[in-house]
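Below you'll find the structure, written out as structure tokens, and then a few comments.
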């Protein structure tokens, strides 16, 4: 059984300031979001006389930790682009400025570089006029960068600026960075809150059911899959091969497959396959229908590449390019068996990352940004804003970075994918 | 406390047939989705020694009721258009045909008219070839109609055709119709299952957290709001007024407001307002920013119209046109006080209803259609496929039609709307 | 035969300043765009010993009239929104600033109001930083207004500001206003150039084959027609009725019909019809195919309304609402003859007007804006930038406002419409 | 001076059949579209006592060559996908079927393969029901293939099927194929017309000002350029590099640059550049603005690659991949000089090719398809339907394939590109 301790969120201290914000529903101390949603799981805890694990619910508190008139906040955006970053920035600035009355908000430029003195990037002052309409564009108005910076130097910057709250929008690496900053703050006995906002277009952060930009990513994948479908139909034995994002988890590939009935094969890291099995399946499909659409997550089939210790600027292992690999292998296979095929390979990566948030994600980002502001004002730290069972939650960063969220090959999602494509469970 | 009895789903009888489908995860008898998701609500039940209420989980069963080789299924689509109907039809046909092996599936034409002999509409035979690619288009390939038909005559048709399963895609009225059909079937002691798939672009069916087409509707509303925003900016004291769907519940208006930071005022049926308060608020906004964007749900402000007993073909009370009403009132008000304004009124209704499902909804519809097929094959009847805490569920039609789902003016959603627009709680 | 005198463009005086701009192709004095494009028309002129009529070609000149370092320019945008206004503003500012070196450019706010002292609108200073990215949004960053202002007062403003060049983006009324300003300038013997940029989403300005925003308007109309098509298919005897822009000329309706094979009837002002004929045609169509899509230009069928002398703020005669009229007449007709129909009426007007320019129009607007800048710098005045046979031209405003461009019911365009819809020539 | 003989179109014989179609404007024998549009060019001819060159005007004739009731037509689509092919097919089928009354129309499958007996592809029977709605999808319903087939064998097929008219939609290679077929037909003294419809997304066919799909291609390029822009802004010294289509002619790159003000550098085959010049220009731009967007046509900079004699299936020389090449060279350059950059490379090729036609192209394709049908019925052969000065024309295939249309580096278009990007004429 999951340990309830892992769900406990750190605070800077007691909340003694009356909130200036109006709300018909403040979150109370006993507003908890159940971790489990199935009856039998819960019954086990109650029968064992234990409290089942839960998340602290996000939202505005009656009492807050910081005095808004004296508070200085900072926002930093790190890693690759993801639809909705500007929406989150806008939401946080609007909430802090209009509802809490915080008048001093800074945006650090180009990710953690903006906190490292050596780059000499001046922070951008943020206020409602600056952030008006930024949600109309993709990307991040703050700029971003990959990779770590020296933690003590970054905390020096925070001290020097007399910052009270740091909001960090970023992925796994960024969250680890935020954790390290938070620990250094604690070591120095400072009262600076650090709030993470999980950004992962792959939607692979543990205990976070939906991360912003993910639904937009699935939406945008439609164009690539349509391309593959039309190209496949346009030639005898046409094959459209689409590589989608998903380094360790194939959620984008799986959901995009379910969202587009034209996909005939979906390949993800969580469900290994043999090349023989794959070729047989493609051949089978071509014989029956004379065209095929294949979606492959970038992290699928990594077992076909030699292990490498190379990493990119974010510290991620450099993956073999499964799209190019499969393109070649499929072409070779059909050449060998004397079947003329026409394969078109589509890799839409940046196009998906750079679009603005779709309306669902704009809504999600707005609400997420508000929760981040509430959490920060209420003195929470070393935490991130999560999402569970339709509710925004608070969770320790440590819980989020403990492991990747991955598709369960025996679970509902993958079963739906198999049902939709008709592909065999094992290839 | 909610009564657990209300959640019980009817069945046609025992499931004695082995399912032909492959799955790594069949739904078991004790897979229950909790109705509550907050710890304290659950604790109350456990402390009182009661089982907390739950939904039957949707999904494939190891044993089913019908012998697929002998089964004849029918599908009917009723009421106004909603994005995703074709996706649901396609998903059900593909699942029934390929996985269960059902070879006889019919689509009734033009809603319940297709079941009423007097219209002489021949049903359309459905199979994978017919439904390939239908998800690329909006609307319904079966056609639709509004309003009721004679129930015994419709059941006569089912008997005459020797149908075993009827899937009805429709809203409140359709579900009541399906319930009536189901009761007549029971009265005649027939073994015909009736499965409802809730279709409500307003997302206002009780105990269903998300209904298909709703996310697409929010997406499409963006165009209308952008129009209003650009027109409002294009003139001195420009006002953009957008009427969105939402007869009794303002969910589309509220979410569209959260998804578009440019909205300055959101009016919904659940939060009444006075004309004086509204005019004061608009005036206030024009003085500060010289333009304003207003979103109004079609059911808002109905108290300004004289009660009427007129109904449309679906039996819904004919609403006063709040959009046209506000357009006139706002123009009059500013004329009276001598302020030149330029108001542009936008009513995108059909455009939203007729688009194809966006990718999220295509995914949702596919999965929903699969669950409907599973539920029907497993002998459930007089039920609909619901969605709760991220899980598909089975629930009695009676529970769904008992009341409308509405925005809680003291709840999270409405608080977020107020925070986003800055409008006062009471006007 | 057309008189060549009508094509002569006014100038402020001789061009004695060397242009600062680099070009591999300056326009020379004998670069003339033929008015005619058919051989036989030209032969007639040559045989009669006459020079056939031609337009002055637009483009950069080697010698210009103004000294850029001392020049002050103004831009004004008038009338309803049209896709591409911001693109034109951006192009003019970039060209004037970077290539000619003009450092003083002002945008008048809210149309001619911005030139009328009584409104006290301060002009906006324009430079590359201000106009960067404005092409990403619809509308006009300067705001607009309808209607005339006092001409001498406006010229007073120009004198007071010491303006050398005024660029006016607007339709028929605006161009007449620009002409009046230009004449008042001449009367006062000032050296201020006035350059019109024709803005008419209806594409109805004479001797201008394509006006900016028109292609975007046709594009956007697709959504409305698709809506009509899907709604028409979704019901027995479904009719989708779409009203498109086109006060006196049905170009948008005609081209949108040609761009969407689903349109079955196209009604324009240039081809009158009887209600009996129309009803018979609809009935005929419903009997054959049981659904119909009708496109009507807003100015069609005005003969069904009583003459009115009412005008709107722009001085245009207030039209009867043919869309609402036809909706009622069609419903009445089929009720009378006892045929159940379902008619959905769609009026997308503002949505079309407020979108940003599509890429073709962005290209067109950029080039158009450049030509306007060139024309102004070269001392041309009381003219507008036209487009003929694929070339940008200079033409006197008087020629443009002499008459509306209209569809020739015996010409190629209308013949193609009839061929595409299959509708009879006379109804 | 251009020789008027080159513009003469071949015919099968005299037109003795009365056309069954209704039109208010038949094309007459003396309806000629001038080749020149500038006055001085024409004057030269008239002064020399010569008739200036002209195109035969396309359109319906009063008298036609074929008896529609006995005519059998075939349509074939070859080469890569291009938006609008389905629109052209639909337009031809509708015109031939409804207006001329041709009842026997076949679509050959998979390009010229469909005419070569050895592939055994059965032709698809085409009629209004089959082509309804095909314009809603990209690609070609007939399928396509690249490369030549044996000409006598293809003509054998035409003879065996007793075909009277063959419509070939394709690019340079296809048109040469059509020419060869036409010559073989003449050699055999058969009366089979061959009508080419030029398909080139690059818009590079001589004497054809606009080819279908080109405007859509420019439209779709916007997404890729936006991606590049947002990615470039999202990083310090961010560079977005977009490769667009354009093997020998940079029209797509040039127009896409003019349509998107964010492009800072445009590279086309017609304007060679040195790597040093390019690097200096990028460096310059990064120093001033710290980000840059570069558009490169696929055929640009081919001089950097070793000459190769390799060709693809269509017989085109295999190009070096300038996109990948520049990506590496730019990265190397800035690494060498110690400047951190972040370069994102975007290659949207198939996505652009596979979309459906945008509304402008749908209109264009419809009209083009009608003209092809008219030309065929009027007994023209060995010709293609061109477009000149806004008019559809007939021209001999030989004229079209004589040379590629290319950007004139001293002409208007390239001057506009330089003005828009601010890039130097020589790098």
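Each residue, glycine too, has its Cβ placed from N, Cα and C.
Per TrEMBL, these features apply:
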- A:172: Mg(2+) binding site (BINDING)
- A:173: site 'Important for substrate specificity' (SITE)
- A:200, A:201, A:202, A:245, A:246, A:247, A:298, A:350, A:351, A:352, A:353: substrate binding site (BINDING)
- A:202: active site, proton acceptor (ACT_SITE)
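Positions of the features from TrEMBL, shown on the structure.
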{"residue": "A:172", "record": "Mg(2+) binding site", "CB count, 10 Å": "23"}
{"residue": "A:173", "record": "site 'Important for substrate specificity'", "CB count, 10 Å": "19"}
{"residue": "A:200", "record": "substrate binding site", "CB count, 10 Å": "27"}
{"residue": "A:202", "record": "substrate binding site", "CB count, 10 Å": "27"}
{"residue": "A:246", "record": "substrate binding site", "CB count, 10 Å": "29"}
{"residue": "A:298", "record": "substrate binding site", "CB count, 10 Å": "24"}
{"residue": "A:351", "record": "substrate binding site", "CB count, 10 Å": "23"}
{"residue": "A:353", "record": "substrate binding site", "CB count, 10 Å": "24"}
Pairwise CA distances across A:200, A:201, A:202, A:245, A:246, A:247, A:298, A:350, A:351, A:352, A:353 (listed as binding substrate) top out, in Å, at 17
Near chain D: which of the recorded positions A:173, A:202, A:351 have their Cβ closer than 8 Å to one of its Cβ atoms?
-> A:351
Residue A:200 (substrate binding site) to the residue listed as 'Mg(2+) binding site' - Cα separation in whole Å | 8
Secondary structure at residue A:353 (substrate binding site) (DSSP, helix/strand/coil)?
-> helix
Please tell me which one of the binding-site residues listed here (A:202, A:246, A:298, A:351, A:353) sits closest to the residue listed as 'Mg(2+) binding site', measuring Cα to Cα?
-> A:202
Looking only at C-alpha atoms, tell me how far residue A:202 (substrate binding site) is from residue A:173 (site 'Important for substrate specificity'), rounded to the nearest Å.
-> 14
Per DSSP (three-state), residue A:173 (site 'Important for substrate specificity') is helix
Closest of the binding-site residues to residue A:173 (site 'Important for substrate specificity'), Cα to Cα, picking from A:246, A:298, A:351, A:353?
-> A:246
